[in-house]
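J.: Copied straight from TrEMBL:
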type: REGION; residues: B:317-337; note: region 'Disordered'
type: TRANSMEM; residues: B:26-47; note: transmembrane segment
type: TRANSMEM; residues: B:54-74; note: transmembrane segment
type: TRANSMEM; residues: B:80-103; note: transmembrane segment
type: TRANSMEM; residues: B:110-127; note: transmembrane segment
type: TRANSMEM; residues: B:157-176; note: transmembrane segment
type: TRANSMEM; residues: B:207-225; note: transmembrane segment
type: TRANSMEM; residues: B:245-270; note: transmembrane segment
type: TRANSMEM; residues: B:277-300; note: transmembrane segment
Amino acid sequence: MELLKIEGLTKRFAGLVAVNNVSLTLNKGEIVGLVGPNGAGKTTLFHSVCGFHKPEEGSVTYKGKELIGNKPEHICKEGIARTFQIVQPFGNLTVLENVIVGAFNRVKSYKEAERLALEKLDLIGISSFAYSRMKDLTFPYQKKVEVARALATSPEVLFLDEVMSGLNPSEVNEFIELIKHIRASGISIFFIEHLMSAVMALSDRLAVMHLGEKIADGDPQEVMKIPTVIEAYLGEEVS
Amino acid sequence: MKKSPILITLALVVFAIFPLVVKDQYYMHIAILILYYALVSQAWNILSGYSGQFSFGHAAFFGTGAYTSSILFTKLGMSPWIGLIIGAVIAAVIGLFIGYLSFRFKLRGVFFSLGTLAFAEILRIIIQNFDVFNKTLGVLIPYKPDPLMFQFSSRTTYYYIILIFAIAVTALVYYISRSKLGYNLVAIRENEDAAQSLGVNTYKNKMIAIAISASLTAIGGTFYAQYMLFIEPATTFSNDVSINILLPAIIGGAGTVLGPIVGSLIIIPIGELTTTWFGNFVGVNLMAYGVILILVMLYLPEGIVGWFQNKFGKKKSAKKNKDSSISGGEEVGTLKN
């Protein structure tokens, strides 16, 4: 079942076309990876879908409903939660309080919000930092808190923007299991990642972006064999 | 954890029996001022301390409260108790108007502060130029002690009224701080983009904050008018008023429940006593304020209560972290501690 459908999306910054006529779909229960070199427009695509940018052209429909023109908070209310590539913490609050803000998206009472937040911290495996201040945490851990915070909003779709950067190999493996677990709980996932081992392990489908355009979309193993994809990553063959 | 309710009960008892113990009218006056500044600073705290929208023009709401009840009383004979409510409503409307102009168009940080400052000045100039408001002469409220007319023959009654107001507003702030609204406001203060991404309607929440803050400040304005029995633009709408409103919260700790009260308890007695002791040197109290403010900014940028919470919160949080973790307080993820 098609959950999220991006059609012909174009986002320009003055003269620069950051995202050029990109179409993508996310089906229910699917994990879709999005890769591409730096500056390919991956994060801009995320921002455009989540309401942080207003794209010039194209449409984004979620369960048949047009999302473009909505503010980020409305998109979150619809059921799409996200993390940020550059972490956006509530620095002076504790980790638990950070997640409680997310939990209040759906629940009204403090008790319920706290319970939901503790549950998500436990799921991500960071409940031992619940009462630490967010700004005292290291960068990878702040990213984990962002995942917990996004999950606390009780979404149906989760957008993850390079959550695994800075993690060590064993933590990456844990995270891969965690994302699988999140998907098993009924949440569809759309993620940007540079770490190819994680991308290959997780993606049901893989899309590749280069210079604002989508150059491939399909089975991860197949996609990585496409010459244009290899070229985008490694450059042209010499001689 | 168990200590704070006892301390708060103790503080309440001290406040409640204060007039029974201290008979000196001058000290009573200082006590009333402390509570009254705690009230208006607490109101400011909701908008500026919690949601981080730093207002430099709360005099606009304060003056609106003072003038609404006083004009209705002197011109129409309406009880200031009713004027208090009408003033609070008008202030909320003015607050929403300022909020609409500022928040709709994403006026943030220092630009919002300047906007509020300008607004208070505009209102002052309007008051100074219309006959209905007696222009720069101000409004003299005839002294006719009558509880129904919000006038009392004894200072003690004023004391208890402002005590109830201050406690009520502090209780409200405590309630807000633990509610969805409070968490939304703090999230907006800390990071607007992140707040939005988590479903927080930043515009709506800021509007709620400014409306509550404005109306409570106006209540302080009405109390001031009924206590002093004389108001003029310079003592109700000027920048001095705005600064006096925000000072206790900044010094005590903006964004904390007890900050405005602690700040007021420290700064008002110092201001009053220096004025009395150094009566020949006009402005010594302002110098004292300045020194305190600089010291707080330098050494306790989060205010006195904020500093305490940090200092003692850290130990507590380390312990709580240990309790909540299965592996037993690993420190891998934190930089400090």
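Here the Cβ of each residue, glycine as well, is placed from N, Cα and C on the backbone.
Unlike curated entries, TrEMBL annotations are predicted automatically.
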J.: Considering only Cβ pairs within less than 8 angstroms, which of the stretches B:26-47, B:54-74, B:110-127, B:277-300 has the most against the transmembrane segment (B:157-176)?
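T.: It is B:26-47 that shares the most Cβ pairs under 8 Å with the transmembrane segment (B:157-176).
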J.: Cβ under 8 Å to the transmembrane segment (B:277-300), counting only same-chain residues 6 or more beyond its ends: which ones?
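T.: Sequence-remote neighbours of the transmembrane segment (B:277-300) are 247, 250-251, 266-267, 270-271, 306-307.
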J.: Do at least three CB pairs under 8 A connect the transmembrane segment (B:26-47) and the transmembrane segment (B:110-127), leaving out pairs fewer than 6 apart in sequence?
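T.: Counting Cβ pairs under 8 Å, fewer than 3, so no.
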